[in-house]
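Here is what Swiss-Prot records for this protein:
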- 9-19: compositional bias 'Basic residues' (COMPBIAS)
- 109-126: compositional bias 'Basic residues' (COMPBIAS)
- ASP89: 3-methylthioaspartic acid (MOD_RES)
- 1-28: region 'Disordered' (REGION)
- 106-126: region 'Disordered' (REGION)
Amino acid sequence: MPTINQLVRKGRRKVRTKSKSPALDGNPFRRGVCVQVMTRTPKKPNSAIRKVAKVRLTNGNEVISYIPDEGHNLQEHSIVLVRGGRVKDLPGVRYHIVRGTLDATGVEKRRRSRSKYGVKRPKAAK
């Protein structure tokens, strides 16, 4: 337990929090080029074939990012926007690809939560 005098002289050490998405260098998004588009299977209680892409970011880092929702048009050399956010049942996947920007198209026939999947507002039915 430090004395008041010691605290006045030195102060307390700040605890540094570790970044959950270090490859983005503190930016909210980063552009990158798809190096490889592949599928992964999730951890134990879940079963699926999840679509992921290995992306080389503009800062030189290579990350594995998740392609959200059903159906995508990504292939090798596609340019994508990457944001942080892990996928809980895919170990090592700590980033998401933003749908509806650059080469990643929005999700077809999406009606709800459209802003998350890059879909424009549909025309009103007559």
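Keep in mind that glycine also has a Cβ here, set from the backbone N, Cα and C atoms.
Applying an 8 A CB threshold to same-chain residues 6+ apart, the list for the residue listed as '3-methylthioaspartic acid' reads PRO42, LYS43, ASN46. Taken through DSSP, the compositional bias 'Basic residues' (109-126) splits into 4 helix, 0 strand, 14 coil. With helix defined as DSSP H, G or I and strand as E or B, the region 'Disordered' (1-28) counts 10 helix, 0 strand, 18 coil.
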